[in-house]
Amino acid sequence: MGGCFCIPRERSLTRGPGKETPSKDPTVSSECIASSEYKEKCFLPQNINPDLTLSFCVKSRSRRCVNGPLQEAARRRLWALENEDQEVRMLFKDLSARLVSIQSQRAQFLITFKTMEEIWKFSTYLNLGYVSMCLEHLLFDHKYWLNCILVEDTEIQVSVDDKHLETIYLGLLIQEGHFFCRALCSVTPPAEKEGECLTLCKNELISVKMAEAGSELEGVSLVTGQRGLVLVSALEPLPLPFHQWFLKNYPGSCGLSRKRDWTGSYQIGRGRCKALTGYEPGEKDELNFYQGESIEIIGFVIPGLQWFIGKSTSSGQVGFVPTRNIDPDSYSPMSRNSAFLSDEERCSLLALGSDKQTECSSFLHTLARTDITSVYRLSGFESIQNPPNDLSASQPEGFKEVRPGRAWEEHQAVGSRQSSSSEDSSLEEELLSATSDSYRLPEPDDLDDPELLMDLSTGQEEEAENFAPILAFLDHEGYADHFKSLYDFSFSFLTSSFYSFSEEDEFVAYLEASRKWAKKSHMTWAHARLCFLLGRLSIRKVKLSQARVYFEEAIHILNGAFEDLSLVATLYINLAAIYLKQRLRHKGSALLEKAGALLACLPDRESSAKHELDVVAYVLRQGIVVGSSPLEARACFLAIRLLLSLGRHEEVLPFAERLQLLSGHPPASEAVASVLSFLYDKKYLPHLAVASVQQHGIQSAQGMSLPIWQVHLVLQNTTKLLGFPSPGWGEVSALACPMLRQALAACEELADRSTQRALCLILSKVYLEHRSPDGAIHYLSQALVLGQLLGEQESFESSLCLAWAYLLASQAKKALDVLEPLLCSLKETESLTQRGVIYNLLGLALQGEGRVNRAAKSYLRALNRAQEVGDVHNQAVAMANLGHLSLKSWAQHPARNYLLQAVRLYCELQASKETDMELVQVFLWLAQVLVSGHQLTHGLLCYEMALLFGLRHRHLKSQLQATKSLCHFYSSVSPNPEACITYHEHWLALAQQLRDREMEGRLLESLGQLYRNLNTARSLRRSLTCIKESLRIFIDLGETDKAAEAWLGAGRLHYLMQEDELVELCLQAAIQTALKSEEPLLALKLYEEAGDVFFNGTRHRHHAVEYYRAGAVPLARRLKAVRTELRIFNKLTELQISLEGYEKALEFATLAARLSTVTGDQRQELVAFHRLATVYYSLHMYEMAEDCYLKTLSLCPPWLQSPKEALYYAKVYYRLGRLTFCQLKDAHDATEYFLLALAAAVLLGDEELQDTIRSRLDNICQSPLWHSRPSGCSSERARWLSGGGLAL
């Protein structure tokens, strides 16, 4: 749309002074030759990369640097969107670009374009700042939008490679094959090619068509209309897409820039100016002045126009003044705040939606409506009641949703037309479409206070007295207010000034006769005005040549008189429009320039003709030719105003966007932003509609006000932006909060207390919806102050809302401070319902304070008031609150009775979303009571009913509560793995719809565990899928520990699924993630758990050594985690024993035994020495094994405390007996050990073990070893450890 690129940059507004004569050079002027190779290369097909990188960074305005936490949050959000990029694609589709990929690590998007229109629109949105604002919509959540200070301080800055963007633009331009260029220099074709090649002047505009690659192109001059070949080296494509679009869609001729014209950096001016040189007029309508004379500027003087309207301060005469004859530094330039339009014109743009102001205000009051003064609140219910679902009645008509349409209508070029008196059919059709289909002259009864009653009977044309009234009426010298209706394009003069004609032809005949009498009577002004009226009526009948004659006659009659400037302007502009329609530019080139000056230089002038757009287009073409941004801006504004008045909204957008780029400074840009938001809303572009109002809001922070109709527009469009389900009754997006705050500030300036209060209530509703009661309390406190100023009812309602917000913020004491005085202020004669409402809220506050008895009394009083007025709903709420109070007080039986009664009362009510959501909460409480009373079937039924009601209304939060309860029921109360998985899956779906990424990650983790517990091939595969999805989310959320554990879980699952090649990969990723987080305890834990994967498995168990010995042990030593190190050495010992690596096992067991003596835990020491004894035994080091076993026995308590200790004694002494007898060949010591084992077995009461030991003793006594050594003589062996040695 009407935009420019950062690159190509706008060149100097003067592209070379003056119109140059053709060069004597037979080809081109010398200044073009140097760059001919480059220019030819630009027009040749090139293999360019069609993708563009869009980078962004989040910056703090106050600190002027990157906001690190927000930048990281935005990057993580982008990472989450990489695999689910539908939302991003839709955003860039609105921004007229195509998403190729997302590069979250670099905070970049890769986009591409297929047409020049796409790159034009995108570059426009980029330069208007809409791309960065739309990225805010995408990347920031409600927490950001609710933080007003953060929003005001934060901006997203986007950047692209401007040169690459220009390259893509030129490539697409050439690909389309038809575009417009500017002549870089004067060109005269050689004699042999005369007639075949074009003769060009410098800066001349040419329409070019690409046929095939070569040094010459076919072109048509927009100045002469001639067709021919032109050298590529002499041309430069117009760098601005808006200019290409405009020249293609509004075809027509244009002039050349003149040598003595000044444009440059000059602004539109007004006031007085000084003549550089004197001027002798060539026409009667031009002003005569001398050098140095002071000239008063009537309206504006605009750089790029040949003329402006001036008044001589010496003679008082008014006429056209050639712009080049005045000193551009002598006039007063327009301020930056109104660079191209007057204050009245700016207000006309701002008033675009003002007719909807009352309706929009009504909508805000409806949105703010609450039933808190008549409806009881349920304990735990999270928001102030919302207004009714059907808001269509209060929805302003002009802001209904519309289906997406085209950005603008494509206009087809009109073919060449004959300039004869009879117009061709295509011209007639075009003009007929611009005029009304039929017209009925009104009867006298239709009119209010007509100016004239005209009547012309047959045969009265010759009687002068019959025309005296109209001639006297029209022959006023200069302008009068009653002539205003003559010049508007609605032909209102037919109803406001004349009547009594039933047919238009009859009226035309009367005017024609009047013209003749005016001419005879030399009544100049009446004659001119009658010609003007006849010309306008001829245009209505598409008789352009006839109209042209009338207008030319009127101008001739005026003879340069400017007393009625409105008449002069309307005559010139209408005649110029006809010249352009009939292709008669050669006949009226001077008049075209003067008509353009009257059109552009006179502010606040009402449009007089629908085909005035042709003159506006001519002025805009001239602005493009001379490179005058002020003239281009002024022409764009005129096009906007005219098209809006004609209701052709689709055609306005390109001009409005271009004008916004050219304006740049408020309040002019503010006025155009207002138009843009209106148009984007019409075209169903919600991102852009909100972004344009945000732009307005930024300016509003600098002192501008935000209209209420734009707030309504934002409220409508923000609900379309977010991917949540369609918002229910009264829900407002947090994205609207900044604009609501701006509107609130504007209402404070206007002292509009009623709307202020409505906005405060809406803002509080948003904060409560997002569980930010502190923000709600802030705005409700304001609403209370405003309510007290507005009236008792508003004050009462605001007080209740504030008390409810305090309750939701768990500030029961403050709620009591509001409610108790409110109750005292109510008279006994006041509404019973209002007293009941206060008692109910008092009950909630007292319950929050833990004052159960007083809370119960308040609830009962509220119940009594509801019963007195017969309000079943309020009775149900009071019963439910009593039940909840009883439940919290562990009074199960009363709780059950109250809640059952509440359910019965709710069932009597007519079903609605509000009551059903309350019933969900009651069912959950009742289920809790029933389950705690072991009525599991009935409790389950209540849980399922709660879920059913939530599903019925598609209410996510109630479904979430019910689903949580069902998951707990099937996991802990009545375990059922399959049902538990089913409800966890539904819980996951709800989390995804709510976009709660943290909840989604936790649920995927839980689901992975549940599927893993089923231990089937299919469940393991599903578990792996869940773990991988949770991993992606944890990385997105920056939860390093969770991400590392997810990697570990994935490795564990790959091991169970025997996908060994992926196990090490996942385990290493888990450890690296932990190490990068610089959390050594997490890394230590993961090293150990990674080793456990192999240690607890059946395959590749030796891989555990690497994770234990090389990873966990060094970290444990560095962290001085002695117990962890001991546990790992114990695992290493056990692992090596199972692998029969006894030498290694001895090393690890020895280290474990040493560490165990440091811990001070005898049990750990006992385990370590027992393992060491086992290793020595396996290595056939029996004496050391005996010593270690004896050491373990010395660590046991002296008195047996349990059968387990007795069993341990029996087994160890039995092992020592066998070891001593069989390996050490000491029968006497073996006997002692067996006797001790027998004693332990007797204490244990194990008859079988006793028999085995007695059998062993008998065998020893009968063995040769028993007799080979004297009785009582034991062999001498090492007893270092068991003898009290302190070190191994």
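Indices start at 1 and increase along the chain as displayed.
Glycine residues also receive a Cβ, built from the backbone N, Cα and C atoms like all the rest.
Under the heading compositional bias 'Polar residues', Swiss-Prot lists 386-395.
Summed and averaged per residue, pLDDT over the domain 'SH3 2' (268-331) gives 92. Residues annotated as domain 'SH3 2' in Swiss-Prot: 268-331.
Per Swiss-Prot, the feature region 'Disordered' maps to 386-405 (among others).
Residues or ranges marked as region 'Disordered' by Swiss-Prot: 410-444 (among others).
For the repeat 'TPR 1' (528-561), residue counts in helix, strand and coil come to 28 helix, 0 strand, 6 coil, using DSSP. The repeat 'TPR 1' annotation in Swiss-Prot covers 528-561.
According to Swiss-Prot, the feature repeat 'TPR 2' maps to 757-790.
Sequence annotations record features per position, and here Swiss-Prot assigns repeat 'TPR 3' to 836-869. Residues 372-377, 379, 800, 803-804, 806-807, 810, 812-813, 815-816, 819-820, 822-823, 826, 875, 877-879, 881-882, 885, 888-889 of the same chain sit 6 or more residues outside the repeat 'TPR 3' (836-869) yet have a Cβ under 8 Å from a Cβ within it.
Secondary structure of the repeat 'TPR 4' (1001-1037), assigned with DSSP and counted as helix (H, G, I), strand (E, B) and coil, comes to 35 helix, 0 strand, 2 coil. Taken from Swiss-Prot, the feature repeat 'TPR 4' applies to 1001-1037.
Taken from Swiss-Prot, the feature repeat 'TPR 5' applies to 1084-1118.
Long-range contacts of the repeat 'TPR 6' (1119-1152) within the same chain: residues 1080-1081, 1084, 1088, 1091-1092, 1095, 1101-1102, 1104-1105, 1108-1109, 1112-1113, 1158-1159, 1164, 1167-1168, 1171-1172, 1174-1176, 1178-1179, 1288, each at least 6 residues beyond the stretch ends and with a Cβ under 8 Å from a Cβ of the stretch. As annotated by Swiss-Prot, repeat 'TPR 6' applies to 1119-1152.
Positions annotated as repeat 'TPR 7' by Swiss-Prot: 1166-1199. Sequence-remote contacts of a segment are chain residues at least 6 beyond its ends whose Cβ falls under 8 Å from one of its Cβ atoms, and for the repeat 'TPR 7' (1166-1199) they are 1126, 1130, 1133-1134, 1137, 1142-1143, 1145-1146, 1149-1150, 1152-1153, 1155-1156, 1205, 1208-1209, 1212-1213, 1215-1216, 1219-1220, 1223-1224, 1277-1282.
If you look up Swiss-Prot, you'll see 1210-1244 marked as repeat 'TPR 8'. As a summary of secondary structure, the repeat 'TPR 8' (1210-1244) carries 32 helix, 0 strand, 3 coil according to DSSP.
Taking DSSP states H, G and I as helix and E and B as strand, the domain 'SH3 2' (268-331) has 3 helix, 30 strand, 31 coil. Residues in the repeat 'TPR 2' (757-790) partition by DSSP class (helix H, G, I; strand E, B; coil) as 31 helix, 0 strand, 3 coil.
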